[in-house]
Each structure stands twice: as C-alpha cells, then as structure tokens.
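Reviewing the structure listed below.
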C-alpha cells in the first residue's frame with residue numbers, strides 16, 4: 001500500500017511538473033496587435049497627446065478596461081500591441097503573456113493563463129509528496145534515535161531524507177499557501193504587489209468575484225477535473241469578468257453611467273498628464 005501511494009504521488013508530481021515546464025505561455029491574439037498602418041502612423045507621430053488618441057482609437061474596439069497608472073492605454077512598445085487586461089510583458093521570455101503571474105525559475109517558464117493551474121497542482125502534489133516521504137521515514141528515524149539501527153549508512157540516508165523532505169515541505173507550504181490566498185482573491189502575484197488600475201482608479205479587488213467563482217476562474221466548473229493536470233480554466237485569457245463592471249450593469253448596486261461600453265470615454269484631465277505619453281513599460 002505504501003508503494004502504491006508513493007507511485008501515485010510520484011506520477012502526479014512528474015506529470016504536473018512536466019505540464020508546468022512544457023506548456024508554453026499564450027500571447028495576445030492578432031486583434032490586439034497594431035496593424036502596419038496604425039504602427040506607422042503611431043511611430044511617425046511626435047506629439048504625445050496624438051499618440052494617446054491613436055491608442056485610444058485602437059483600444060475602443062477591444063475589451064480592454066485596465067489602464068496605466070496615469071490613466072492611459074496599456075501599450076507594449078516591444079511587442080507593438082494593446083495589452084489585454086492582466087497581460088504583462090515578460091523580459092525573460094521576451095513576449096507579452098496573458099494573465100502573467102510571474103516567471104518561475106523552478107520550471108524555467110513563465111506562469112500565466114495557460115499553465116497557472118498546472119503550477120498550483122505541481123505545488124500541491126510536491127507538498128503531499130514531501131509530507132508522505134517524511135511521514136514514512138519518521139518511524140525509522142525513531143529507531144535510529146533509540147539505537148535500534150546499527151548500520152551507519154542507513155542512519156545517514158534516513159537523516160538526509162527526513163531533513164530534505166521537511167525542508168522542502170516547509171518551503172512549499174508557505175509558497176502554496178500564498179498562491180491559495182491569491183486564487184481566493186482572484187489576483188496574480190503581480191497584481192498583489194501592484195493593484196490593477198481601472199477608470200475609477202486602482203482597485204485590488206477589481207477581479208474578485210467571490211470565493212467560488214474565483215476558484216472556477218482557475219480550475220473551471222467541472223470539479224472532477226480540478227485535481228487533474230488538464231486545461232480547464234475559464235475563458236481565453238483575453239477578457240476576465242470584473243466586480244465593478246458586474247455591479248455597474250446592475251442598477252440596484254451602482255450607477256450604470258460610471259462605466260461606458262467601450263471603456264475609454266473618459267480621458268485624464270490636466271496639462272501634466274497630457275504632456276506625457278501613457279505607455280506602460282514593464283520588465
């Protein structure tokens with residue numbers, strides 16, 4: 001029975017790790033990329049306020065609701081595209097990643113919309129794997145402590161295995177717990193450090209739809225697929241339901257006039273903002 005559980009956890013650990021490593025991050029679709037004509041018009045224009053208007057015209061046709069810190073359209077000058085909500089440019093992968101969470105050195109891959117579920121399952125099964133190894137080795141550690149084990153090599157192996165299992169278990173427990181908290185709030189690691197900006201300003205709970213719906217955003221509605229490394233996340237990574245937008249569409253909760261359908265009708269006022277180009281540059 002011990003070997004059966006061991007092999008099951010090992011297979012799940014390897015499977016989720018493989019999916020986290022080899023599932024490539026998804027880039028924004030073609031409709032978010034600037035056309036050649038728009039790109040030429042944008043690059044040839046020297047006035048920042050006109051460049052802002054060009055980006056606003058392009059974004060008017062797209063489901064884009066988040067903004068830069070000064071209220072402008074989120075534009076990536078390296079990929080030449082309008083950034084979808086929750087999309088960020090990864091300097092390591094040299095591309096924009098949908099719902100980017102972070103670039104993970106453990107799996108040497110960018111964690112985003114395409115593989116965030118696999119990354120969470122990898123952490124979960126790694127945690128269980130370390131816990132199972134520590135629990136099964138502990139009884140032999142007790143025998144070593146009481147002097148029942150006489151083989152010197154066995155003592156070293158038991159001590160080493162128990163120490164490594166506990167060390168990784170504690171490390172993974174904090175990391176997995178932190179990501180569970182992020183999922184419960186429907187935030188990415190980047191959004192936890194810097195709240196997304198909407199037309200009404202920064203809102204750290206802008207995508208928080210409630211605990212159950214937040215889970216479904218990552219794991220899907222089919223509960224039988226939640227624990228399997230199979231893609232089941234909701235949506236396509238280009239648009240995400242928003243708490244403020246949902247409330248705005250309900251006249252009993254708030255004033256519908258606060259949000260416009262195109263999401264860009266309100267332009268920042270003041271000469272200070274008009275004099276600077278609202279382009280978000282991320283590393």
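In case you wondered, yes, glycine gets a Cβ from its N, Cα and C as well.
Curation does not apply to TrEMBL; its annotations are automatic.
Annotated in TrEMBL:
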type	residues	note
TRANSMEM	6-26	transmembrane segment
DOMAIN	73-193	domain 'Palmitoyltransferase DHHC'
TRANSMEM	118-138	transmembrane segment
TRANSMEM	158-178	transmembrane segment
REGION	256-283	region 'Disordered'
COMPBIAS	257-268	compositional bias 'Acidic residues'
In the same chain, which residue numbers or ranges, 6 or more beyond the ends of the transmembrane segment (118-138), come under 8 angstroms Cβ to Cβ?
2, 5-6, 9-10, 12-13, 16-17, 19-20, 23, 101, 104, 107, 111, 158, 161-162, 165-166, 168-169, 172-173, 175-176, 179-180, 183, 218, 227-229
Please compute the mean pLDDT of the model over the domain 'Palmitoyltransferase DHHC' (73-193).
92
What else in the chain is close to the transmembrane segment (158-178), if you only count residues 6 or more beyond its ends and a Cβ gap under 8 Å?
120, 123-124, 126-127, 130-131, 133-134, 137-138, 140-141, 144, 149
